[in-house]
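Dumping what TrEMBL says about this protein:
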- Asp131, Leu132, Thr133, Arg158, Gln174, Asp178, Arg327, Tyr331, Tyr332: L-histidine binding site (BINDING)
- 61-417: domain 'Aminoacyl-transfer RNA synthetases class-II family profile' (DOMAIN)
Amino acid sequence: MPRLGLLPRRAFAALLSQLLRPPRTACVRALGGHSQIAEAMVTSQLKPHQEKPSFIIKTPRGTRDLSPQEMVVREKILDMVISCFKRHGAKGLDTPAFELKEVLMEKYNEQSGLIYDLEDQGGELLSLRYDLTVPFARYLAMNKLKKMKRYQVGKVWRRESPTMVQGRYREFYQCDFDIAGQFDPMIPDAECLKIMCEILSGLQLGDFLIKVNDRRIVDGVFAVCGVPESKFHTICASMDKLDKISWKGVRHEMVAQKGLAPEVADRIGDYVQHHGGVSLVEQMLQDPRLSQNKQALEGLESLKLLFEYLTLFGITEKISFDLSLARGLDYYTGVIYEAVLLQTPAQVGEEPFNVGSVAAGGRYDELVATFDPKGHKVPCVGLSIGVERIFHIVEQRIKTSGEKVRTTETQVFVATPQKNFLRQRLKLIAELWDAGIKAEMLYKNNPKLLTQLHYCENTGIPWVVIIGEQEQKEGVIKLRSVATREEEAIKREHLVAEIQKRLSQS
């Protein structure tokens, strides 16, 4: 090695730098053997300008972002739904977005294939919840609860082919109301139907009809028509598609895909054509075949009692006993129901819509027992509002009408016509906030007055308070109506009270 003292200055600096730089393997050892981290560090040093991989920025299929305008519409709808649930005495509940996989399996019949499984992380096998009903039943069993009236609003996930033009998604909200406990027959069931009527009437979506049936009647029909008991669930799943495809298509599925005898399918077809009111219940009670089936008789007697209570609630004109209704989920054991909007001719400029059912539910008396070690039953009945489809309808109508949606609730804007009034504006807006008044101001030291007033007009803020040199000298604040552009001088100490008074009148 040459003597360092004889090297030129630049050569000496380069040699010293090389001697002090640790080798690459030393970097790995210094990182405690984490070679992947070291590799990443070395690679990033070697390629500081490496291009990022290009990909399409989008939301996953079957999902979507919600704009501020859409959020305003949704919050109003959810507030109306939840206020109805609370009016009927329900308590709020929340459960995890995912459950143990075994909790969800075998609860949804053929629809179990639509459940999203989460990747095994070396611990529990988990799945995203498919609905809010099964988690509620698990909650009751886990906490040994025998009675509860609850509501829950939350997202659920289903791995089905989305048709977003009809408000169907893979990720969507459900709003559920359920009554758990042993009570006299049909009283809770009737209240659930009353709640559905209240919500759908309150949302003013148009005319609607609630189809009602009973799973015992469905099973009774299958039995008297000759369906093998082992095929009840799978044939019920086919029948549940009658709101989407014709009887011809459903019959083909029953016969060609599920091996049902054609004459048996035809006998089922004779029954599913019937729909009506309590008179149809009476007619079915006299049916020579159904009247010989114990399950069907129990279901029909329950519906007869249900219609008595619905008459007292004054909602029978919205209810139809429909023998085609099946509700394909395995856990239903008694009364089932489903609300549909009646198709009306589209208004000028409005696209025809077909979103299917907008609410559904039924009785499930044995689901809680599947989670209880001793098999104790907790009878339950409930409903689910299809808010995603309702959102879609309302959003389309707003779009068609050109209605402007306010995205904030700001009541007062704090403005100034002069420079160097930031401190006065901050002090004033703090007083408004402390008094519970919703207020805004521009985040600029010296904004132009015209810019501030235009902001209020564009965002729909109804009132402006203006503070400037003249107002400060006189001890007043100008209160301006954005709609009329009229201004009034208010004493500084009376400003909050005056604003609150005017807001209460509007």
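Any Cβ shown, glycine's included, is placed from N, Cα and C.
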Measuring Cα to Cα across Asp131, Leu132, Thr133, Arg158, Gln174, Asp178, Arg327, Tyr331, Tyr332, which the record gives as the L-histidine binders, how far apart are the two most distant ones in Å?
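Farthest-apart Cα atoms in Asp131, Leu132, Thr133, Arg158, Gln174, Asp178, Arg327, Tyr331, Tyr332 are separated by 21 Å.
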For Thr133 (L-histidine binding site), which residues of its chain lie six or more apart in sequence with Cβ-Cβ distance below 8 Å?
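Result: Asp176, Asp178, Tyr331, Tyr364, Leu367, Gly382, Ser384.
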Across all the protein chains here, work out how many other Cβ atoms are within 10 Å of the Cβ of Arg327 (L-histidine binding site).
23
Averaged over the domain 'Aminoacyl-transfer RNA synthetases class-II family profile' (61-417), what pLDDT does the predicted model reach?
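Averaging the confidence scores along the domain 'Aminoacyl-transfer RNA synthetases class-II family profile' (61-417) gives 91.
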Sort out the sequence-distant neighbours of Tyr332 (L-histidine binding site) for me: same chain, 6+ apart, CB within less than 8 Å of its CB, listed by position.
Arg215, Gly362, Arg363, Tyr364
Can you count the other CB atoms that lie within 10 A of the CB of Gln174 (L-histidine binding site)?
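Total other Cβ atoms inside 10 Å, all chains included: 19.
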